[in-house]
Amino acid sequence: MADTGRHAQPADTTTRVAETVASVNKASGAAVDNIKDSALNAARAVKPKLRGWIHAGTFPLVLAASIVLVALAPDGAAGTSCVVFGITACLLFGTSAVYHRGRWSDRVAGILRRADHSNIFLIIAGTYTPLAVLLLPEQTATILLVTVWSGALLGLAARIIWLNAPRWVYVPIYIALGWVAVWFMPAFLENGGPAILWLVIAGGVAYTAGAVVYGLKRPNPSPRWFGFHEIFHVLTVVGYGCHYAAIMLAVLAVR
């Protein structure tokens, strides 16, 4: 019996050592995770001082411009389509301003980020809605609207489900959906004229350039004040302005 006790002692010691090592490793892993989380939160907190101000300043202008557009639009489908455009534009700039200007908990930031990214799909479909209604024959307009809104809703669902998708996955989808109407541009030219067509193209180019800057994260001229994201926001404002002008010309043409 004495021999058995002496043989068991080293085994007990080995077990205790193994448990101690496991506890140390677990604690070290938790510490590393905490460091990673802290670094991630710190990186999120450090952002250019102008982050969000561009869209915050644009939002009231977009709201006022949307009211004017709806007031000038004819009744019926044309007016409704302008309302859709105005709502999606206000959602885009308003949500972006709130998300980028505030300091939010992880949970709230996740909700706002999903809304912010989803609104890009909505503004694409919302922009094409009055252009299709005002400039295309009914059957052709229906084809464009079903296509672009189906793509927008699918993209929206994907961004909500897969929020942390890499940029090389979802940025090309934004661009592709935005240029769906390239197949309808001859009709835009025929029914709206060259000014409307060129404004639509210019807006698309501005949005596309912004998406490329966002995807590449460059140029990044002043990370402290005005970084790549601010360039992206400026280009979205330019794109919106071009498309708003095109839609306004289309509205005035049918009054």
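Cβ from N, Cα, C; glycine included.
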Further binder of Zn(2+) named by TrEMBL next to His229, His233, taken from the candidates His100, His117: His100
Best-contacting stretch, by C-beta pairs under 8 Å, relative to the transmembrane segment (195-216) and drawn from 78-99, 120-137, 143-162, 169-189, 228-254: 228-254
Least buried by Cβ count (within 10 Å) of the binding-site residues His100, His233: His100
